[in-house]
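Listed features, source Swiss-Prot:
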type	residues	note
BINDING	17-20, LYS40, 49-56, ASP213, GLU367, 383-384	FAD binding site
SITE	GLU122	site 'Important in orienting the L-aspartate substrate'
ACT_SITE	ARG284	active site, proton donor/acceptor
Amino acid sequence: MAVPDWKHAADVVVIGTGVAGLAAALAAHRAGRNVVVLTKADQRRGETATHYAQGGIAVVLPGSDDSVDAHASDTLAAGAGMCNLDTVYSIVAEGYHAVTELVGYGARFDESIPGRWAVTCEGGHSRRRIVHAGGDATGAEVQRALDHAADVLDIRTSHLALRVLHDGTVVNGVSVLNPNGWGIVSAPSVILASGGLGHLYGATTNPEGSTGDGIALALWAGVAVSDLEFIQFHPTMLFAAGTGTGGRRPLVTEAIRGEGAILLDSKGNSVTSGVHPLGDLAPRDVVAAAIDARLKATGDSCVYLDARGIDGFASRFPTVTAACRTVGIDPAREPIPVVPGAHYSCGGIVTDAYGQTELAGLFAAGEVARTGMHGANRLASNSLLEGLVVGGRAGRAAAAHAAAAGRAYVSKLEPVTHHALKRRELQRVMSRDAAVMRNAAGLQRLSDTLAEAPIRHVTGRRDFEDVALTLTARAVAAAALARNESRGCHHCTEYPDTAPEHARSTVIRLADDQNLVRAEALATVG
């Protein structure tokens with residue numbers, strides 16, 4: 001075992017500073033544990049997916065015409081038979097408490113009248129239950145409030161988590177790279193809240209750090225991941241000619257359709273007419289697939305979101321308005337050009353509803369986790385809800401585990417040979433073979449390409465991210481190849497129908513040689 005350049009000890013290590021990470025860290029801190037938060041970002045308040053979330057938080061408000069049953073029913077319908085019923089009800093029922101706790105941190109939501117939150121509707125919801133802030137800047141307000149509350153925490157910037165350390169039975173820390181070199185943070189509890197994997201693709205709504213790090217860390221630790229074939233492509237990502245082939249692109253929030261905007265093709269025809277009873281407000285997987293099919297049929301580069309009928313658009317949706325104006329579009333006068341874009345991973349590290357994985361002391365929360373909340377397709381505005389609820393639960397559970405486990409000791413760190421494709425090449429083959437529509441031949445071609453990735457020596461963040469992306473891509477391809485049907489976010493041209501016998505999750509693990517990925521039946525966690 002190499003001698004580390006530095007060492008540190010904590011009770012709980014949290015990796016990530018978005019909604020789930022900070023909710024977890026604050027909960028563990030309130031429980032009296034010594035918490036260290038690691039972020040690979042180079043500034044205290046780094047770029048997170050939470051910050052860019054526009055729509056809002058889906059929550060059942062007391063005294064409304066809504067109910068936990070109704071919200072759960074909508075979530076289950078969107079999840080296409082793949083949600084965990086108990087998890088869904090558990091998280092939805094705790095939503096209002098989690099949001100009021102966020103208000104206690106200083107978050108302020110838009111009001112319809114003084115003292116009453118304004119609510120809107122989004123795709124797949126049967127009620128107006130989406131609370132929002134700043135019109136379409138909810139995520140920024142959630143992040144602001146959590147960042148303010150997190151001033152009490154020990155947050156380490158430019159700290160890249162390389163491996164979760166364990167003895168095969170329990171966690172004992174994290175291997176980390178920072179500007180001072182390679183080091184170890186020993187801890188009996190580790191919480192992965194590192195976000196998503198959008199940069200598997202050339203165009204995504206995700207921030208630059210969404211490179212599948214948590215999925216790779218879990219696989220290297222021998223922990224199961226599941227449902228990775230269900231990658232949600234948001235139907236409406238802003239399209240502008242000449243914006244390049246890669247990187248983050250602005251989201252055009254679903255709430256705009258909730259307020260009456262309609263999707264049209266270049267000839268003025270409805271994109272979703274006859275596709276789903278909810279039309280433009282159908283679940284995201286349905287709308288994204290409809291747009292993708294229309295673009296393939298017409299050869300057009302984009303479809304259009306016509307929001308000209310919405311009064312006061314600029315004040316209701318200032319974030320979208322600003323993004324549109326940046327590329328010379330005035331939403332009040334012309335339709336907004338949009339395309340589907342990689343947005344959210346419905347699957348992830350297998351956990352229970354409290355963030356516990358199969359490895360004692362390892363927890364996961366937020367987009368990186370697969371709790372069973374989202375199934376095959378996430379319902380709009382359920383992500384911030386899950387991050388708040390499960391993040392808080394994971395923090396409390398990690399604190400309790402740390403108190404019971406006592407001090408952690410790192411025994412040894414086995415060397416690992418890493419492989420990675422170049423980022424642009426990886427994104428090209430993923431966008432070609434594992435995007436909105438897939439087929440078996442393309443997925444096999446993708447798997448073969450990924451298997452031939454050359455050795456990459458990790459000397460910094462970019463190398464590590466490419467390694468993590470490549471391993472995550474292999475897991476996505478393996479999961480997609482194992483699903484011989486179309487369901488939720490997974491659309492397979494050879495199998496266009498949903499097969500009841502396939503209403504089960506596919507688990508992916510790393511083989512003992514740390515090289516091959518295999519699929520197996522899902523085992524119950526917790």
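Each Cβ is built from the backbone N, Cα and C atoms, and glycine gets one as well.
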Rounded inter-Cα distance in Å - ARG284 (active site, proton donor/acceptor), GLU122 (site 'Important in orienting the L-aspartate substrate'): 10
Binding-site residues listed as THR17, THR50, least Cβ neighbours within 10 Å: THR50
Cβ neighbour count (within 10 Å, all chains shown) around ALA20 (FAD binding site): 37
DSSP state at ALA53 (FAD binding site), helix/strand/coil: coil
For the residue listed as 'active site, proton donor/acceptor', the three-state class that DSSP assigns: helix
Where SER383 (FAD binding site) falls in three-state DSSP terms: helix
